[in-house]
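**Student:** Right, I'll just put the structure down here and ask away after.
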Amino acid sequence: MSYLDASNMTGGYGRADILHGCTLTVERGQIAVIVGPNGAGKSTAMKAVFGMLPLRGGSVMLDGTDITAMSPQDRVKKGMGFVPQVNNVFPTMSVEENLEMGAFIRDDDFHDTMEQVYTLFPILKDKRHQNAGELSGGQRQQVAVGRALMTQPKLLMLDEPTAGVSPIVMDELFDRIIEVARTGISILMVEQNARQALEIADRGYVLVQGTNRYTDTGKALLADPEVRRTFLGG
Amino acid sequence: MEVINALVALTNYVIIPATAYGAQLALGALGVTLIYSILRFSNFAHGDTMAFGTAVVILITWGLQAMGITFGPLPTALIALPFGIAVTALMMLGTDRVVYRYYRRIRAQPVVLVMVSVGVMFVMNALTRFLIGVDQINFADGERFIISARTWNQMTGMREPLTLRTTQAITVVTAAITVAALFWFLGRTRTGKSMRAFSDNEDLALLSGIDPDRVVKVTWVLTAALATIAGTLYGLDKSFKAFTYFQIVLPIFASAIVGGIGNPVGAIVGGFIISFSEVGLTYAWKKVAGYLVPAWEPDGLVQLLSTDYKFAVSFVILILVLIFRPTGIFRGKVV
Amino acid sequence: MSPTRQPGDPSPLRAPLFFAILALLILLEGLTTGWNSALGILNMGLISAIMALGINLQWGTAGLFNAGAMGFLALGGLAPVLISMPPTPGAFAAGGMGILTAFVVATIALVLSVVTWRRMPKGRARGLAVTAILLVGFFVYRALFDPAVTAIEAINPSAAGNLGGLGLPTLISWPVGALLAAGAAWLVGKTALGLRSDYLAIATLGIAEIIVAVLKNEQWLDRGVLNVNGIPRPWPVPYEIDLQARPGFAEKAQAWGLDPTLASTLLVKLAFLALFIVVILLLIWASEMALKSPWGRMMHAIRDNETSAAAMGKNITRRHLQIFVLGSAVIGLAGAMMISLDGQMTPSSYNPLRYTFLILVMVVVGGSGSNWGSVLGGVLIWYLWVKAGDWGPEIMQAVMGPLPEGDFKTHMINSAAHMRMLLMGILLLVVLRFSPRGLLPEK
């Protein structure tokens, strides 16, 4: 059984469903990437996994436990970390305080975790007394990821972490994400930059209209001429 | 010598009163700004909260005095203050439970909450009048002066008087301690940081497992403390009258907006900007001008604005800020 | 108010029922306390209803929070003083020109500073230039203004000491009151609209305090706290003395079984009543027509969904400014009418609880967005406000009856008059919570 097993998810915000039997699985320590055209329900699928969308059908299993009915806060306690696409830091608080707030639900000493985050993102250590709102886009994304890592999640979910950053910063962020995965954390992310994201993906999902169109390893999807033609622009 | 006389007159009539008044406004504005950051609405009931808290403090002060307990040279009200804060905090928590909580649950628009705060304002206003009436009440006891005009004259031999009332010094000292404690709480404690996180980004705070109900409760307790302290200091310095406290919301709102609503440092700076402008513009500069320009004998009072228009000062500053920098000096929130 | 009713389909009998209850209350007041009192409450209630119509236009139609109704009301009340009072002999010659020139200088200085601010490049020079213009302007203004004021206030200070009015018919002053309020509203709205919603509330709170401060302190204008008395009544309202002197009036009154003095006061009140009802019907008709027009439908679209209306290219701030000015004009009209009814201008009687916040209670209780709701709320809340002032001490007297005489008892009975504040606060909170659409919900 996979570490995360979200199967046949069906649901939406209003009367109309956005997801139609969408299935996502992530193995321990692997990177899974969701790509697809605009309005395919990529972010919605991610929110459904995190419990921010009521499901009419399907289930979400984490490490063998059924968490379908749990609130997002409880899922955090169960080992999920979520980095929203926008507004994902506390802008008038320092980098260090952002990380502390990430660890808010922890009662134990979290200084080791903070050191780990600083090792992963050295720039954050230099800027730890600066307000997160004053950092550059790429640095802010690092703060956001660092904040989510403070609960020591087993599964980290990232909603378009490279939206709006330059190609150089994007490559650096992907490198960091690979490093996070190497520490044994499973990663599920939604990406607009499909080609680059699939390159680092152990597993790729191409979503169209709320349902799985193609599912394979990242390399296989990149090699598939049909996928290349339809979704990766040749 | 004339310059020194001018300085003494300036200190006596402008700097000392404006500093005390500014400290009172700053504490009031901090309460408004705190509610604004966490609950996201302008609390029209704040002036009446101040009045209610002060009324409780006065009642306790009278009780203490009746029992023969006083605070030596300091006003007895300072002993009563913690009890007054506790009562006001309970009142605020009760109000939140009965009134405001529902609107948070249904995620009402801020302007609906403003209307709700008008209802609370009526109730608080009635309670205050019920508790203590509508008359002017002077409840400062203890030593009246730290420096009286006579001691000043003996100390320096100067003709130009300078007085420092006990209540003015107490205002500034208490306000400084309160502000320091508040900033320590917001900046250093876990609960305080969680409040700032909630104010910065509510969704992310919820995601991080911060309990919104707890944040809101702590906010009301802090607001009650700030309002009671501000109200008591204002009452000691001037005197207590329920209606004055209702009117003081205008300069308090102006202070919060001028500094940048939602920003605590802004609230303090805003308070002093408003108080110094108000006192400076309504002060009759004849005396100071007479010292500085001996040849000039002004026939008027050289008063830019009659004291009846002191509210106009807050208002004009408010309008200028709204036109030129709606987020305030320290870039507060604009929701 | 029944919480079980599904929102959206109020019974068609609801409005007639509530107005019948209201009529019954007034009738009861007439039979128990007297018709003078009943008509007095009704007349003031109708003026409150007009204020509520103005606030409803802003809050109910556009969601704008006006916390300064008192100011617009007071400014409107200035109109009868300036329009329908006779001019003070010699006042204009003594200082009228001086004051006018002072205002012209002030306006020029303001316009000049705005132009300078817009034309000059950003920098220290611009700030200094604007400050200099404003400072010079201020001192020239004071140099012209102060002696003119002294001259006017020196004229017959015990009875006049002000400019006086134009001596025109009182009815003309009503629309002028509306215009004065509209002008002030335009200035405030221009700066505070388009920003956060509560900035308007705070700015209006401020302008109201300032307008009342001006009325209290500018003796040359309206005698300040000395009050202006004997403001002429509007056509066709007669004077009691004239009525009583009219041949045959006393006989007619006696035929009705009335004392002639009482009959004359009642007739005067009825004349006012008729006049007010005409104004209210005209206002409601105009407002319903406006709201049915494309303009009104757009206002509703904006209130219901600002974002999508903005996306459709509607200039929301401009629409809000229009409706804010219109609503304030209606409040100004009410202010002029109130002064005509009272026959005197007493600036110190303007109290924000009574004239700003109580009006909000009227609108919310009556039903935000509903014109008939505002009329109902206006009269009903005014009735409760007046009566609660009487009932409070009576109830307290009864409750405290068995207690021994003493400080506590006296304090409680004296404080009971404030119970009406409590009543209004609780009423507002209860309606907002359990029946946010009010007694007569908007259709």
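Start at 1 and count along the chain as shown; that gives each residue its number.
From the backbone N, Cα and C atoms, a Cβ is placed for every residue, glycine too.
Take a look at what TrEMBL says about it:
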- C:12-31: transmembrane segment (TRANSMEM)
- C:37-57: transmembrane segment (TRANSMEM)
- C:64-85: transmembrane segment (TRANSMEM)
- C:91-115: transmembrane segment (TRANSMEM)
- C:127-145: transmembrane segment (TRANSMEM)
- C:165-187: transmembrane segment (TRANSMEM)
- C:199-215: transmembrane segment (TRANSMEM)
- C:266-287: transmembrane segment (TRANSMEM)
- C:321-341: transmembrane segment (TRANSMEM)
- C:353-386: transmembrane segment (TRANSMEM)
- C:417-435: transmembrane segment (TRANSMEM)
**Student:** Do at least three C-beta pairs under 8 angstroms join the transmembrane segment (C:199-215) to the transmembrane segment (C:64-85), pairs 6 or more apart in sequence?
**Tutor:** yes
**Student:** When you scan the chain for residues with a C-beta under 8 Å from the transmembrane segment (C:64-85), skipping those not six or more beyond its ends, what do you find?
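**Tutor:** 51, 54-55, 58, 163-170, 172-174, 176-181, 184-185, 188, 193, 197-198, 200-212, 215, 221-222, 228, 230-232, 320, 323-324, 327-328, 331-336, 338-340, 345, 347, 350-352, 354-357, 359-360.
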**Student:** Using a Cβ cut-off of under 8 Å, list the residues of the same chain at least 6 residues beyond the transmembrane segment (C:353-386) that approach it.
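**Tutor:** Cβ under 8 Å, 6 or more out: 15, 18-19, 22, 25-26, 29, 41-42, 44-46, 48-53, 55-56, 59-61, 67-70, 73-74, 205, 208, 280, 284, 287-288, 420-421, 423-424, 427-428, 431-432, 436-443.
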**Student:** Output the single range from C:12-31, C:165-187, C:417-435 maximising the number of Cβ pairs under 8 Å to the transmembrane segment (C:37-57).
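**Tutor:** By the under-8 Å Cβ criterion, the transmembrane segment (C:37-57) pairs most with C:12-31.
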**Student:** Take a look at C:12-31, C:165-187, C:417-435 and tell me which one has the most Cβ pairs under 8 Å to the transmembrane segment (C:321-341).
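**Tutor:** Answer is C:165-187, with the largest number of Cβ pairs below 8 Å.
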